[in-house]
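Only one structure is covered here, and it is reproduced in the block below.
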């Protein structure tokens, strides 16, 4: 191994100034500097251009495969379904965002149910130990077992819980009853379509069999129903006490369980406050 020049630069751009001669040698880039003291060489890794000692890697590299979805090359349908298969990840990100910005106890409970559902899925997979179809076809999967499908179980938990939330938890407070029911029905159809597409994508992309998808949906739907009624009957009466805890007040955690339609409430309150501030601002400018 050769020495590093005084400036210590070993990037691809700076190497010619420090060493003078660049030469590709296999997977490495050979850098040679000739001076009165002799020739000094060092091999740089492509990309990061680090010294050879820094190129040593563990025997096996692992990837974070949460968003690693493979589809057949040139298959447009497979590519679209691969993106649809990522929707459960988007749901998790959405929940984290809502919790950070809204800090509402029912949302936290909903997300807790999703985490519990994922824990049950992990347990069931290691109980049944049923392999995925075409074992070894996909290079990166979070688990070698496929029964039940975690994607199917998560999406059906979310959809069934949301169905119950829409029709049992939310109530419209104004007179637009027909419009209220219409948007609920439209949203329900969209959610149902999403659940079916996510489930089908896992079969089409050969990550799961139909049986693994079916039982994943059954498990997710069952846990969603149980968790919804547990939240409504057991946790919701405790929410006012939890919201009154000093720790909850410090983190601005709130309870909106007594508000029939939180969307309508936030809309009317925000609109009234905005108009009030606008009138005050107009008075000051006059």
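Backbone N, Cα and C atoms are what each Cβ position is placed from, and that goes for glycine too.
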Problem set entry | Listed range which TrEMBL flags as transmembrane segment, given the options 120-136, 137-153, 154-170 | 154-170
Problem set entry | DSSP residue counts for the domain 'Phosphatidic acid phosphatase type 2/haloperoxidase' (107-232), split into helix, strand and coil | 93 helix, 2 strand, 31 coil
Problem set entry | Tertiary contacts of the transmembrane segment (182-201), as residues 6+ beyond its ends and Cβ separation under 8 Å | 81-82, 84-85, 87-88, 149, 151-152, 155-156, 158-159, 162-163, 166-167, 170, 213, 216-217
